Amino acid sequence: QKLIRIRNPWGEVEWTGRWNDNCPNWNTVDPEVRERLAERHEDGEFWMSFSDFLRHYSRLEICNLTPDTLTSDTYKKWKLTKMDGNWRRGSTAGGCRNYPNTFWMNPQYVIKLEEEDEDQEDGESGCTFLVGLIQKHRRRQRKMGEDMHTIGFGIYEVPEELRGQTNIHLGKNFFLTTRARERSDTFINLREVLNRFKLPPGEYILVPSTFEPNKNGDFCVRVFSEKKADYQAVDDEIEADLEEADVSEDDIDDGFRRLFAQLAGEDAEISAFELQNILRRVLAKRQDIKTDGLSIETCKIMVDMLDSDGTGKLGLKEFYVLWTKIQKYQKIYREIDVDRSGTMNSYEMRKALEEAGFKLPCQLHEVIVARFADDQLIIDFDNFVRCLVRLETLFKIFKQLDPDNTGMIQLDLISWLCFSVL
């Protein structure tokens, strides 16, 4: 008789057919064997005949539990490291290697393999480890009509010049010029993809992804290793290289002075509403940027950023600085728009922010896309400018409140509310 032992992970219901805990069939088994195999506990673990198993089950999925699940408390050979992450449409859901323009935007994790296996069973030295990529919450999503995503992962060797660093998110050029050292056997729409590898000691980048880009999802990555392996997320540190414009009125040429006098009128200042009209006329002449001008909200936050005297308007010097910034914004927007569509998609936005001097982690890119992209993941020129101005303003405020560069500030309620309505 062939028997199979099964565990119900919820531990509430057990098999009641042949060879269940109370089945008289156990009376025909040697008492010592019966005592060892048939412990009677309501623990969700039970025996059934293999023929009954084949009759009652039509599909078998291997569930990879943690390495110590079926061992005693005193013996745990394999080490487990676990990390949770997510893919977000338009920012961190870059799809597989078939999509080189977006693949690099997937979450990245560094695995440091330091010690070789003690027993080299196949005669080949190296570090043995398993990588399991699990989709989370898919049962919940299935109730909403969504099926499992098709998932997989790639493993890349970290270049020597970048080893030891965890604050650099590897970019598009790296993946265009570097082959994967290992990868999952396949991309498949199962809850978990798991593969076993052996690699020399060193640092490796793990990139989990869905097969196609723009698939929202949460995941868990588990790394099982015979020896301890360091495993952590790789992401850009927050940086802002903001050029402080030190402009005096003597630096402003006569042509710009005449232009300003013509635009500003008798009060010699430009309000947000006047600025909106000016920019509408200027941008209407551009064929390479699709825009109807800038919204009054964007114009107001631009005025607020540069209004040093609190009048709510821009004087000559302030307007000159703003005009220089707008020209810079136009240049970046045009250069990043590689398909010459006159617009920018959310994936191009990450590169545009870097060109503007901002390095941001994935979490912030997710927030920016949610805030400034439309449902087609397009970021128009108005939202692009508004995003840059808000970021610059927030960085400058933080710097003023943190003169010692500690990376932390304290705010009272009124200050928090004032900054929140920017």
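Using N, Cα and C of the backbone, Cβ positions are placed for all residues, glycine too.
If you look up Swiss-Prot, you'll see Asp307, Asp309, Thr311, Lys313 marked as Ca(2+) 6 binding site, on the strength of experimental evidence. Here Swiss-Prot flags Glu318, Asp380, Asn383 as Ca(2+) 1 binding site. For Asp337, Asp339, Ser341, Thr343, Glu348, the entry in Swiss-Prot reads Ca(2+) 7 binding site, with the evidence type experimental evidence. Per Swiss-Prot, domain 'EF-hand 1' is recorded for 294-327, and the stated evidence type is sequence analysis. For 389-422, the entry in Swiss-Prot reads domain 'EF-hand 3', with the evidence type sequence analysis. The annotation region 'Domain III' is assigned in Swiss-Prot to 67-236. Sequence annotations record features per position, and here Swiss-Prot assigns region 'Linker' to 237-251. Positions annotated as region 'Domain IV' by Swiss-Prot: 252-422.
Projection of Swiss-Prot feature records onto the structure.
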residue : record                : DSSP (3 states)
Asp307  : Ca(2+) 6 binding site : coil
Glu318  : Ca(2+) 1 binding site : helix
Asp337  : Ca(2+) 7 binding site : coil
Glu348  : Ca(2+) 7 binding site : helix
Asp380  : Ca(2+) 1 binding site : coil
Using a Cβ-Cβ cut-off under 8 angstroms and a sequence gap of six or more, which residues of the chain neighbour Asp337 (Ca(2+) 7 binding site)?
Asp288, Thr343, Met344, Glu348
Quick one: which of these binding-site residues, Glu318, Ser341, Asp380, Asn383, have their CA within 10 A of Asp307 (Ca(2+) 6 binding site)?
Glu318
Among the binding-site residues listed here (Asp309, Thr311, Lys313, Glu318, Asn383), which has the Cα closest to the Cα of Ser341 (Ca(2+) 7 binding site)?
Asn383
So if I draw a 10 Å sphere around the Cβ of Thr343 (Ca(2+) 7 binding site), how many other Cβ atoms end up inside it?
19
Between Asp309 (Ca(2+) 6 binding site) and Asn383 (Ca(2+) 1 binding site), how many Å separate their Cα atoms?
26
Note down the number of other Cβ atoms within 10 Å of the Cβ of Asn383 (Ca(2+) 1 binding site), including every protein chain shown.
20
For the region 'Linker' (237-251), what does DSSP give as the number of helix, strand and coil residues?
3 helix, 2 strand, 10 coil
Within 8 Å of the Cβ centroid of the Ca(2+) 6 site residues Asp307, Asp309, Thr311, Lys313, which other residues of the same chain have their Cβ?
Glu269, Val303, Ser308, Gly310, Gly312, Leu314, Gly315, Glu318
Please work out which residue of Asp309, Asp380 has the most C-beta neighbours within 10 angstroms of its C-beta, and give that one of the binding-site residues.
Asp380
When you average the Cβ positions of Asp337, Asp339, Ser341, Thr343, Glu348 for the Ca(2+) 7 site, which other residues in that chain have a Cβ within 8 Å of that mean position?
Ile336, Val338, Arg340, Gly342, Met344, Asn345
Can you tell me the mean pLDDT for the region 'Linker' (237-251)?
81
Can you figure out which of Thr311, Lys313, Asp339 (the binding-site residues) comes closest in space to Asp380 (Ca(2+) 1 binding site), comparing Cα atoms?
Asp339
